[in-house]
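Listed in TrEMBL for this protein:
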BINDING   107, 123, 222, 223, 224, 225, 275  ATP binding site
BINDING   142  Mn(2+) binding site
DOMAIN    191-248  domain 'FAM20 C-terminal'
DOMAIN    290-375  domain 'FAM20 C-terminal'
């Protein structure tokens, strides 16, 4: 064989070798990543049930100190949380030493200080579990049980970016009024034999108070983030305008282009209900969750997904592990020990499973249109925009 032919043959073999090696490495990396996703899913499932227990036997730290140490830039709590039950027990039972109005926001809530100095936000019950609000998807009050369910869904999906939430019963007469500020006390009233309050917020009205059953009020308490992590307000590109015919800011932009910044910062929206209760962060995900009408799917909530057609591989894997009724079972198990259990009614649990299928179908439409490589973003590599 002539030298020139040998050189050409060696070059061809070298190219084949390089392509083969790259292909095998990619496959091995993908396989290893998928195996790690599966292991993470099994770890989550193994630690899913949270029993509210009062003791922290292995540490002298308070529940509040442990929860504060958990918070880091990309997660509010770690993957493994043996102390979670004790922290949530403290949230549900610790003595209330001060109560004040919750000033900011559109919905009624109260700011409570628990024994040990921990701030929590109390959101009162406004509806029974199966009550359906007619009208627009955003009509009505926030649901306290949605806060609890959203936290556990955050755990199940592996995001770990929702603040800790647990259900709690409070006696307005004996636990709140004796330690309430004058501002909060001035919003108390009696309706029939029930103690009520209307607080202070954008939509709070004396004519629309939240009422206890006698003196006992059901609600949810959300753990306040440590002061070293000040909250920042980021305008949601897909936020509703609440005006008929007026498009959200991102929707108008996306009609003309699909800017990479938006694709990176708002990777996923999960349609699990009829309206927004965003547990947001500026990193990558916007979890949308509420419980207004189990029979109504508001597809517009999926806009960030079907307009941008990007989802992280680890999230895609997790969603697929949760289909065929696994999500409903996991959510039901995770909330079984909450003080206000059952947190969700069966129709709402069924709706969560059904809406998961809508999310999966939307991703499938994206991959059919753009290809899997463009839609499924590997999240185990450093991304410049995060």
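For all residues, glycine too, the Cβ spot is worked out from N, Cα and C.
Keep in mind that TrEMBL annotations are predicted by a computer and have not been checked by a curator.
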*Pick out which of the binding-site residues 107, 222 has the most other Cβ atoms within 10 Å of its own Cβ.*
222
*asked:* Tell me the Cα distance separating the residue listed as 'Mn(2+) binding site' from residue 123 (ATP binding site), rounded to the nearest angstrom.
replied: 9
*What mean pLDDT score does the domain 'FAM20 C-terminal' (290-375) have in the model?*
89
*binding-site residues compared (223, 225) - highest count of Cβ atoms within 10 Å*: 223
_residue 225 (ATP binding site) and residue 142 (Mn(2+) binding site), Cα-Cα, nearest whole angstrom_ = 21
